[in-house]
Each structure stands twice: as C-alpha cells, then as structure tokens.
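Structure first, then comments.
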Ligand code: 3HC
C-alpha cells in the first residue's frame with residue numbers, strides 16, 4: 001500500500017466538506033469533487049467559515065487555516081481524481097448514486113487505492129460488488145459536525161481485507177478521530193440505534209404525547225444529550241433521517257423500523273430541517 005498523500009472526497013455537502021476540512025487540517029492534499037460549481041462553491045465557503053471559527057477559538061493558527069484552505073482543490077470532473085491515493089465518497093444516501101460513483105472510481109483510480117464510503121446505512125458489501133476491488137472497499141462513517149465529532153465508525157464489508165481495515169484505522173487516527181469497528185448490517189450500529197429513537201420521538205409528537213420542545217428538553221436535561229432527538233433530526237436533515245429509516249426497514253425487514261408518517265409528510269412538504277429553514281423548528 002502506497003503512502004496516502006492526496007485524498008479524493010466525493011460530495012461537497014455537509015459531510016463531504018467536513019471530511020475535506022479535517023483531512024486538509026491534518027496535512028493531506030484534498031481533491032473535493034462534486035457535480036456542479038455552485039455545490040463546490042458552497043462547500044468551500046463552509047470550510048472557510050469553519051476554519052475561521054477554529055482560528056477564532058484558538059484551536060488552530062491563521063497560518064494553519066490558510067495552509068488547510070490551500071490544500072483543498074475543487075474538481076468538477078472525476079477524471080481529475082486519477083492521481084489520488086485514497087477516496088472517500090460522501091454523496092446522496094441512495095444506492096444507485098453511490099453504485100455509479102464506485103464503478104467510476106474503480107475505473108479512474110489506481111488498482112491499489114482504497115475506496116471508502118461515508119454511507120450512514122447502505123451495505124458496504126453491495127458497494128464493494130460494484131468494483132473489481134471489493135477487498136479495498138470499506139465504510140468510513142463520520143459524524144456531523146465532522147470537525148468536532150470524535151467518532152469514525154469503520155465498517156468491514158464481506159470481502160474487505162485486513163490490510164484495508166488497518167490502513168483506514170490508521171488514517172482515522174491521523175485525522176484526529178477515534179475509529180470503532182463494526183460489521184456490515186443496515187444502519188451499522190450508530191444509525192440502527194439513533195434513527196429509531198428519532199423516529200419514535202416523531203411518533204410521540206404525531207400522537208400528541210408532547211411538543212417537540214418538551215421531547216427535546218427531556219433528552220437534554222434528563223439524559224444529558226447535547227441536542228434532543230428532534231433538534232438533532234433537523235440538524236441531520238429530515239430527508240436523510242427518512243432515507244436511513246427506509247434502509248433499516250428494507251434491510252432488516254422488521255416493521256418496527258417503519259418511518260413515521262409525520263416524518264414522511266414533512267419531507268414531502270420540503271421541510272428538511274436546518275438546511276431548508278424549517279423542520280420541527282424554524283431557522284432564519
Ligand atoms: N466546525 C468546526 N467547529 C465547530 C463546528 C464546525 N462545523 N460546529 C461547532 N463547532 C465547535 C464550536 O466552535 C464550539 O467550539 P468550542 O467548544 O471551542 O467553543 C463547539 O464546536 C461547540 O459548538 P457551539 O458552541 O456552537 O454549540 P453547541 O455547544 O451547541 O454544540 C454541537 C454544537 C457540537 C453540534 C452539539 O450540539 C452536539 O454535539 N450536537 C450533537 C451532534 C450529533 O449528535 N451529531 C451526530 C449526528 S448523527 C450523524 O452525523 C450520522 C449520520 O449518519 C446521520
């Protein structure tokens with residue numbers, strides 16, 4: 001396995017720009033790739049804002065922020081990723097979208113390069129099967145906000161090799177994170193436990209048991225969660241929560257994972273949480 005110097009990050013959204021931020025701040029060169037210039041511009045603007053926030057909190061120096069920013073090169077064309085030593089995909093939580101990207105990365109990147117996915121619930125084994133290198137396909141699941149959260153859930157697919165697993169563990173540590181190993185199953189551990197809790201909180205609101213404010217206060221004050229489940233759902237994105245519930249429902253096949261009708265209705269209405277300005281709360 002060659003030394004990792006340049007990392008390709010696919011997707012400049014919340015998770016992708018967070019991963020690019022952390023990788024650049026940890027001394028890697030980053031090619032940040034997305035399909036439209038406005039998505040790249042928005043991702044880079046978020047990174048600049050978050051680097052400035054870290055400078056203002058004296059977590060990094062102005063010079064380190066400038067070096068990190070300069071290490072991130074935007075790319076609209078996947079062909080530009082050819083020289084990268086590692087790839088992590090952080091795009092839409094849909095199998096068909098990720099499958100197409102994995103097939104393309106398999107064609108473009110050198111045969112020994114690891115292809116990781118930041119998927120929050122989709123099967124790593126299925127993504128591996130899209131490529132000619134399933135031994136080098138692995139899950140590397142970061143948490144939002146990526147610059148702040150300590151965890152990387154590392155998911156082995158059926159064919160993921162020990163060498164790939166160890167490389168990714170070492171990389172996670174080099175990024176300042178703590179890796180935790182899990183096996184490949186719908187939602188892994190984090191979302192298998194977190195999303196049913198959020199979904200149940202939505203059911204409780206739909207049934208009039210309590211207001212969103214009351215539900216969240218119970219979890220903040222009673223269980224010391226930094227955010228209650230509904231504020232967290234808004235933060236993650238209600239569309240992302242719904243997609244994950246559907247993966248759990250289909251993948252595990254137990255009706256207890258059925259998405260709450262209120263969650264479905266809110267997504268249908270375009271109430272996606274913070275990113276759309278409205279979810280269980282409103283945001284200006
Ligand atoms: N970049 C860099 N730093 C950031 C940041 C960002 N994007 N967002 C927040 N910070 C820093 C702040 O500067 C602050 O630093 P300080 O401690 O030095 O002052 C610190 O993080 C705390 O932020 P704030 O003071 O602004 O606000 P809070 O104290 O309310 O914390 C929070 C914000 C860190 C988001 C906290 O509410 C929290 O931990 N919430 C829970 C987040 C969570 O559960 N994430 C996981 C979601 S699930 C997921 O991602 C998986 C997916 O598959 C669905």
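Just so you know, glycine gets a Cβ as well, placed from its N, Cα and C.
Any TrEMBL annotation is an automated prediction that lacks curation.
Here TrEMBL flags 6-184 as domain '3-hydroxyacyl-CoA dehydrogenase NAD binding'.
Long-range C-beta contacts of residue 98 (NAD(+) binding site), restricted to its own chain and to partners at least six residues apart, with a cutoff below 8 Å, comprise 89, 91, 92, 117, 119, 122, 127. The NAD(+) binding site annotation in TrEMBL covers 11, 12, 13, 14, 15, 16, 34, 93, 98, 120, 144, 275.
What TrEMBL records for 141 is site 'Important for catalytic activity'. In the three-state DSSP assignment, the secondary structure recorded for residue 141 (site 'Important for catalytic activity') is strand. When Cβ atoms from all protein chains are considered, those within 10 Å of residue 141 (site 'Important for catalytic activity') total 25, not counting its own.
The domain '3-hydroxyacyl-CoA dehydrogenase C-terminal' annotation in TrEMBL covers 187-283. Across the domain '3-hydroxyacyl-CoA dehydrogenase C-terminal' (187-283), DSSP classifies residues as 66 helix, 3 strand, 28 coil.
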Residues among the binding-site residues 11, 13, 15, 34, 144 that border ligand 1 - Cβ under 6 angstroms, in sequence order: 144
Those residues of the chain, 6+ apart, with a Cβ under 8 Å from that of residue 144 (NAD(+) binding site): 14, 15, 18, 235, 236
Pairwise CA distance, residue 141 (site 'Important for catalytic activity') versus residue 11 (NAD(+) binding site), rounded so that it is a whole Å: 14
